[in-house]
């Protein structure tokens, strides 16, 4: 009799446990979100110079869900080089936090900005390639980029 009760309650316990665990499994980490939104290491090819690069990448990376994200930047450098920025010059973030870092050297980036005629769901972007020093917010142990805070022109 006790075994029968256990067999009835065990599936219920499993379902209850999955209900708690599943939302955690589906949540994207800040570091993964940064990579999805801003990293395109292979993009330093002819494809990133295409006028439709931003239109394609913004959709592919799911940055146009529910609205047109007005501005986004893709970095065309190896992930290790971008992660290394977290150990370079510490600067104050735009929001006043102190966990931002500026790259010591310039990096290839593509800026995507909505055009004047862009209206959801038909998001349209202007593609501009640049070479700039980037600023990222970093968190964790080891410290990794979790937010793209901007870029700065070289002072040389």
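A Cβ is built for glycine as well, from the same backbone N, Cα and C atoms used for every other residue.
As given in Swiss-Prot:
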SIGNAL    1-26  signal peptide
BINDING   33, 36, 69, 70, 71, 72, 73, 94, 113  substrate binding site
ACT_SITE  38  active site, proton acceptor
DISULFID  54-112  disulfide bond
DISULFID  68-123  disulfide bond
DISULFID  86-138  disulfide bond
CARBOHYD  90  N-linked glycosylation site
DISULFID  93-100  disulfide bond
ACT_SITE  147  active site, proton donor
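Structure with Swiss-Prot features highlighted.
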residue: 54; record: disulfide bond; Cβ neighbours (10 Å): 25
residue: 68; record: disulfide bond; Cβ neighbours (10 Å): 17
residue: 71; record: substrate binding site; Cβ neighbours (10 Å): 11
residue: 73; record: substrate binding site; Cβ neighbours (10 Å): 19
residue: 86; record: disulfide bond; Cβ neighbours (10 Å): 20
residue: 90; record: N-linked glycosylation site; Cβ neighbours (10 Å): 12
residue: 112; record: disulfide bond; Cβ neighbours (10 Å): 21
residue: 113; record: substrate binding site; Cβ neighbours (10 Å): 15
residue: 123; record: disulfide bond; Cβ neighbours (10 Å): 20
residue: 138; record: disulfide bond; Cβ neighbours (10 Å): 21
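Its Cβ taken as reference, residue 100 (disulfide bond) is surrounded by 22 other Cβ atoms within 10 Å in the chains shown. Largest Cα to Cα distance within the recorded substrate binders 33, 36, 69, 70, 71, 72, 73, 94, 113: about 21 Å as a whole number. It is 6 Å from the Cα atom of residue 90 (N-linked glycosylation site) to that of residue 100 (disulfide bond). With respect to their backbone Cα atoms, residue 73 (substrate binding site) and residue 38 (active site, proton acceptor) stand 6 Å from each other. Here residue 38 (active site, proton acceptor) comes close to 72, 73, 74, 75, 145, 148: these same-chain residues lie at least six apart in sequence, with C-beta atoms under 8 angstroms from its C-beta. Residue 54 (disulfide bond) has none of the recorded positions 68, 69, 86, 100, 138, 147 nearby, counting only those with a Cα within 10 angstroms of its own Cα. Look at residue 138 (disulfide bond): DSSP puts it in a strand. Each residue contributes its Cα atom, and for residue 112 (disulfide bond) and residue 33 (substrate binding site) those atoms are 17 Å apart.
Shown are the recorded positions 33, 147; the one with the most C-beta atoms within 10 angstroms of its own C-beta is 147. Around the Cβ of residue 69 (substrate binding site), 18 further Cβ atoms fall within 10 Å across all displayed protein chains. The Cα of residue 33 (substrate binding site) lies closest to that of 138, out of the disulfide-bonded residues 68, 86, 123, 138. Residue 100 (disulfide bond) sits 9 Å from residue 147 (active site, proton donor), counting Cα to Cα.
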